[in-house]
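Going by TrEMBL, these are the annotated features:
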| type | residues | note |
| --- | --- | --- |
| REGION | 1-37 | region 'Disordered' |
| COMPBIAS | 1-18 | compositional bias 'Polar residues' |
| BINDING | His143, Arg144, Lys159, Lys166, Lys167, Glu168 | substrate binding site |
Amino acid sequence: MSSSEISSSCFNQEMRSPSSPPLVEGSTVEQSRKEVDEVEEKPKDIIKFTAEKLAVEEVSRLVISPLCGAISLFVGTTRNNFEGKKVISLEYEAYLPMAENEIRKICSDIRQKWPVKHIAVFHRLGLVPVSEASVIIAASSAHRAAALEAVSYAIDTLKAKVPIWKKEEEDAESGGRKQWPLTVKDKGRSGVWSHFYAWQEMYEESSSSWKTNKECFWANNK
């Protein structure tokens, strides 16, 4: 027998003799593998504040799970107008220890309300030009309803409670107005300080007026 025939014979024999038997549905081996996968796929809450440009694909990839059939995303971007004024950019600042803690509370609340697997919340700080993302929120779940509702709840609660401040830089030709962020602290009956949003609008004629964020829950309870 030639060397080529021997090699061919060995190859065919290896193909006919798999190293491990195929998995049978319901078998002990399949069940043990599923249990290992579930143990390895622990729920993750990924929170990041950065001055760098946000990438939707990166955030989406972080919440992928073989146990999930849905990923829901919210992407908040800088628009080029505000109340008829031309906006050049937004600038964000945050009190990081409190902001991260508040977002972790939001993630915890989400897990109590919906069966989601992974959650990612990325927020950009510093200048964010028009059309670029300032916040990306992603959640994965077995079915789409949980992920969709979780992401909607996350952005609404983030805007109402997390201490992140925004300044809008407007074009001089449209009025030359800047919005400077200020924090309103409200000590309620519980004695705990809560942080909410408010803006003071600065005009060229040096006058100012207060404007509260319409999405803050306390603004509509006066």
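Here the Cβ of each residue, glycine as well, is placed from N, Cα and C on the backbone.
Worth saying up front: this structure is predicted, and the values here are computed from it rather than measured.
A map of TrEMBL features onto the structure.
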residue	record	Cβ within 10 Å
His143	substrate binding site	12
Arg144	substrate binding site	13
Lys159	substrate binding site	17
Lys166	substrate binding site	19
Lys167	substrate binding site	16
